[in-house]
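K.L.:
Below you'll find the structure I mean.
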Amino acid sequence: MDRALRLLARSRCLSRVPASAPGPGPGSSPSGVSRLLLRPPNAARMASQNSFRIEYDTFGELKVPNDKYYGAQTVRSTMNFKIGGVTERMPIPVIKAFGILKRAAAEVNQDYGLDPKIANAIMKAADEVAEGKLNDHFPLVVWQTGSGTQTNMNVNEVISNRAIEMLGGELGSKKPVHPNDHVNKSQSSNDTFPTAMHIAAAVEVHEALLPGLQKLHDALDAKSREFAQIIKIGRTHTQDAVPLTLGQEFSGYVQQVKYAITRIKAAMPRIYELAAGGTAVGTGLNTRIGFAEKVAAKVAALTGLPFVTAPNKFEALAAHDALVELSGAMNTTACSLMKIANDIRFLGSGPRSGLGELILPENEPGSSIMPGKVNPTQCEALTMVAAQVMGNHVAVTVGGSNGHFELNVFKPMMIKNVLHSARLLGDAAVSFTENCVVGIQANTERINKLMNESLMLVTALNPHIGYDKAAKIAKTAHKNGSTLKATAVELGYLTAEQFDEWVKPKDMLGPK
């Protein structure tokens, strides 16, 4: 029986040997079978460990992938905050902003005595972070500590290990460049993360949001001028009102976008104030006199934006009213764009059963069942963006209100939503401009028909026959389905000649 069991075990081992297994080499055991039998049971696990290195934080050792520059604290964060997946990672603009900040801090720290060799390596590695060359080494999600400490350490570890590599050292050794002692020198997560937030927000506003809104403003302004001589009926409460020009109607949209740009720019001076130098609670512990001012100046030079040190670091760490203010300006912008997009799609409704005063560009098929149907898709996309921005602002508002004592602890969520709003509004403004606004045409035949049929032209008679008689004309004409002119003459309130003289749409476009 024992012999049978041994034979069975041997046959099972033989079945596990791959056909391509190499023959015995010098000094090897006599067969592939014996090599397999002699291999320790955890050999596969040990072999897989070759792709990892061991790093340490204050809680102990962790395995870190050899192809990543981050370290133990980043790995621990990925273990502790498995929330949302890849789509919820810290926004890349924040990571790039950290690269700018860490470079500036290293340069200033060198002025205060940091070894130039270490400082230069940090600066080079930080530049790579700022340029987006190391994006794959930042796996952390937004949903972490409210101060952003894990992301600050992720940045410190990546820059440290990349700098170590540049200097020919061993990844994970923290020598000669230490993530805390050197990369994070004179800094705390409590002041670096809000600094990165402001840098990221300012860059996004200048690179995406303001250019997009300016493009939309200019296109709407061009349409306002193009439509300046087209007289149409106005509408209030969605009901017919007195005339105006299509150009005047569009001029309202132009002014809304102009004010949106003005509001956003007005919020920026507070965004340009940087918390760097406040360290843990705003006192500047472990920094040198002048560090905060010098870092802000370096960041300004690196970005070309007028950053300055925050005049009060306690406010800069504990409250993020500046981000709430900027988000509020974007929320107002979203309200404006919602109105503009809705007006344009309603004025373009039809083509035969709607208002039909505007002819909108036809960009793609609109229905999977109704042949030939085309929809106002750019308007719909813009209104959805507006709704999202409004929702983002609610989250930012709640986050901004949660500054507890010396620290706000909703930082990652706040900047995620601020950046999301800025990017969405900027991109949507460009898309709406290029794919809708520039191609809008006026349907003058339809506009003239609706204007001539409107009962509200009777308003021009008020100064001549009084409100009550004018109202009687309008109501009688509506009830009988007759024209204003015929009804006015029939009621004996005026002659046909008087009606033609007093009721002229072109004379109803402004004060006299």
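Backbone N, Cα and C define each Cβ position, glycine as well.
Annotations per Swiss-Prot:
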- 1-46: transit peptide (TRANSIT)
- 17-36: region 'Disordered' (REGION)
- LYS68: N6-succinyllysine (MOD_RES)
- LYS68: N6-acetyllysine (MOD_RES)
- LYS82: N6-acetyllysine (MOD_RES)
- LYS96: N6-acetyllysine (MOD_RES)
- LYS117: N6-succinyllysine (MOD_RES)
- LYS124: N6-acetyllysine (MOD_RES)
- 147-149, 178-181, 188-190, THR236, SER368, 373-375: substrate binding site (BINDING)
- LYS215: N6-acetyllysine (MOD_RES)
- HIS237: active site, proton donor/acceptor (ACT_SITE)
- LYS258: N6-acetyllysine (MOD_RES)
- SER367: active site (ACT_SITE)
- SER368: phosphoserine (MOD_RES)
- GLU380: site 'Important for catalytic activity' (SITE)
- LYS469: N6-succinyllysine (MOD_RES)
- LYS475: N6-succinyllysine (MOD_RES)
- LYS504: N6-acetyllysine (MOD_RES)
K.L.:
What same-chain residues, at least 6 away in sequence, bring their CB to under 8 Å of the CB of LYS96 (N6-acetyllysine)?
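P.N.:
The list for LYS96 (N6-acetyllysine) reads VAL129, ALA130, GLU131, GLY132, ALA200, VAL203, given in order along the sequence.
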K.L.:
Within a 10 Å radius around the Cβ, which one of these recorded positions has the most neighbouring Cβ atoms: LYS215, HIS237, LYS258?
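P.N.:
That would be LYS215, with the most Cβ atoms nearby.
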K.L.:
With LYS258 (N6-acetyllysine) as the reference Cα, tell me which of the recorded positions SER147, ASP181, HIS237, LYS373, ASN375 is the closest one.
P.N.:
HIS237
K.L.:
Can you figure out which of LYS82, SER147, PRO179, THR236, LYS475 (the recorded positions) comes closest in space to LYS68 (N6-succinyllysine), comparing Cα atoms?
P.N.:
PRO179
K.L.:
Could you tally the C-beta atoms, other than its own, that fall within 10 angstroms of the C-beta of LYS504 (N6-acetyllysine)?
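P.N.:
Looking across every protein chain shown, the total is 14.
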K.L.:
Are there any residues at least 6 positions away along the chain from LYS373 (substrate binding site) with a Cβ closer than 8 Å to its Cβ? List them or say none.
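P.N.:
Looking at Cβ-Cβ distances below 8 Å from LYS373 (substrate binding site), excluding near sequence neighbours, one finds PRO365, GLY366, SER367.
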K.L.:
ASP181 (substrate binding site) has how many other Cβ neighbours within 10 Å of its own Cβ?
P.N.:
13
K.L.:
List every residue in the same chain as THR149 (substrate binding site), at least 6 positions away in sequence, whose Cβ is under 8 Å from its Cβ.
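P.N.:
Counting only residues 6 or more apart in sequence, the Cβ neighbours of THR149 (substrate binding site) under 8 Å are SER189, PHE193.
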K.L.:
Spatially, which candidate from the recorded positions SER147, ASN375, GLU380, LYS475 is nearest to the residue listed as 'active site, proton donor/acceptor', comparing Cα atoms?
P.N.:
LYS475
K.L.:
Indicate the candidate from SER147, SER367 with the smallest number of other Cβ atoms within 10 Å of its Cβ, considering only these recorded positions.
P.N.:
SER367
K.L.:
Using C-alpha atoms only, work out the spacing between GLU380 (site 'Important for catalytic activity') and ASP181 (substrate binding site) and round it to an integer in Å.
P.N.:
52
K.L.:
For LYS124 (N6-acetyllysine), which of the binding-site residues SER147, PRO179, ASP181, THR236, ASN375 has the nearest Cα in space?
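P.N.:
The smallest Cα gap between LYS124 (N6-acetyllysine) and any of the binding-site residues is with PRO179.
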K.L.:
Can you tell me which of the recorded positions SER147, THR236, LYS504 is spatially closest to SER368 (phosphoserine)? Compare CA atoms only.
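P.N.:
Comparing Cα positions, the closest of these recorded positions turns out to be THR236.
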